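Chemist: When I checked TrEMBL for this same protein, it listed these features:
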type    : residues                                         : note
BINDING : Gly28, Ala29, Gly30, Lys31, Ser32, Ser33, Arg134 : ATP binding site
BINDING : Ser32                                            : Mg(2+) binding site
BINDING : Asp50, Arg74, Gly96, Arg153                      : substrate binding site
Amino acid sequence: MTQMPSPGPETGHAPGLRRTLVLVGIMGAGKSSVGQVLADRLGAPFTDSDHEIEAAAGMSVQEIFQHFGEPYFRAGETRVIDRLLTGTPRVLATGGGAFIQPPTRALIRAKGVSLWLRVSLDVVFERIKGKPGRPLLAGADPRGALGRLMALRDPIYAEADMVVDSLGGEGHQQAASRILAHLAARDATLPPEARLLKERPAE
């Protein structure tokens, strides 16, 4: 569900975005939870692409996988992300497999700026173990399946424009602050027209 923007809570002022910031990474990395806080701090809308897909289909991601299969889901995911990238610049949290798909990855590269929330196997498994709605981890050895999935996907996530680690035990505000600092540092190396933030965030 898309949330309306609000000013950064610490300063009452938010820098804003010139392009959509796309959060990519494995399930459980914190893309949605940290993304919402980050959007609030930036004064930008926040959207979770999986929620948009579920709203359009009238069923959960797990149900789409079960009834129609992964190729059907991925095709719809690409269409939804394309639409979201074309609209107002926002913070966009994507599903774990979105950036892995070449058509979706090409759209993100062309229209947005990607940030990989990198997380260790131990941290992410502790976050998601026992939670429903993870169709790719429904087997008898979910930790092993997750490790194999990360081994396949992490080299592709590494193609993102930026990488920030998702740390175990860190609060969402602290994670958002680290990401904002990373964005500002990146922008400082670029000409004004290529920067992501409209203004430098307050210290």
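Positions of Cβ are set from backbone N, Cα and C atoms, glycine also.
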Chemist: Please give the greatest C-alpha separation between any two of the substrate-binding residues Asp50, Arg74, Gly96, Arg153, in angstrom, as a whole number.
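Modeler: That value is 18 Å for the farthest Cα pair.
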Chemist: From the binding-site residues Asp50, Arg74, Gly96, pick the residue whose C-alpha lies nearest to the C-alpha of Gly28 (ATP binding site).
Modeler: Gly96
Chemist: Do any of Ala29, Gly30, Ser32, Ser33 (binding-site residues) have a CA within 10 A of Gly96 (substrate binding site), and if so which?
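Modeler: Candidates kept after distance check: Ala29.
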Chemist: I need the CA-to-CA distance for Arg153 (substrate binding site) versus Lys31 (ATP binding site), whole Å please.
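Modeler: Cα of Arg153 (substrate binding site) to Cα of Lys31 (ATP binding site) measures 16 Å after rounding.
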Chemist: Quick check for the class: what is the C-alpha distance, in angstrom and rounded, between Lys31 (ATP binding site) and Asp50 (substrate binding site)?
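Modeler: About 11 Å separate the Cα atoms of these two residues.
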Chemist: How many other Cβ atoms sit within 10 Å of the Cβ of Arg153 (substrate binding site)?
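Modeler: Step by step: centre on the Cβ of Arg153 (substrate binding site), count other Cβ atoms within 10 Å, giving 17.
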Chemist: Rounded to the nearest Å, what's the C-alpha distance separating Gly30 (ATP binding site) and Arg74 (substrate binding site)? Just drop the number here, would you?
Modeler: 21
Chemist: Please name which of the binding-site residues listed here, Ala29, Ser32, Ser33, is nearest in space to Asp50 (substrate binding site), Cα against Cα.
Modeler: Ser32
Chemist: Tell me the Cα distance separating Arg74 (substrate binding site) from Ala29 (ATP binding site), rounded to the nearest angstrom.
Modeler: 20
Chemist: If one measures from the C-alpha of Ser32 (ATP binding site) to the C-alpha of Arg74 (substrate binding site), what distance in angstrom results, rounded to a whole number?
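Modeler: Ser32 (ATP binding site) and Arg74 (substrate binding site) have their Cα atoms 19 Å apart.
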Chemist: If you count Cβ atoms within 10 Å of the Cβ of Ser32 (ATP binding site), leaving out that atom itself, what do you get?
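Modeler: Taking all protein chains shown, Ser32 (ATP binding site) has 19 Cβ neighbours within 10 Å.
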Chemist: Judged by the number of other CB atoms within 10 angstroms, which among Lys31, Arg74 is the least packed of the binding-site residues?
Modeler: Arg74
Chemist: Which whole-number value in Å describes the distance between the Cα atoms of Arg74 (substrate binding site) and Ser33 (ATP binding site)?
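Modeler: Arg74 (substrate binding site) to Ser33 (ATP binding site), Cα-Cα distance: 23 Å.
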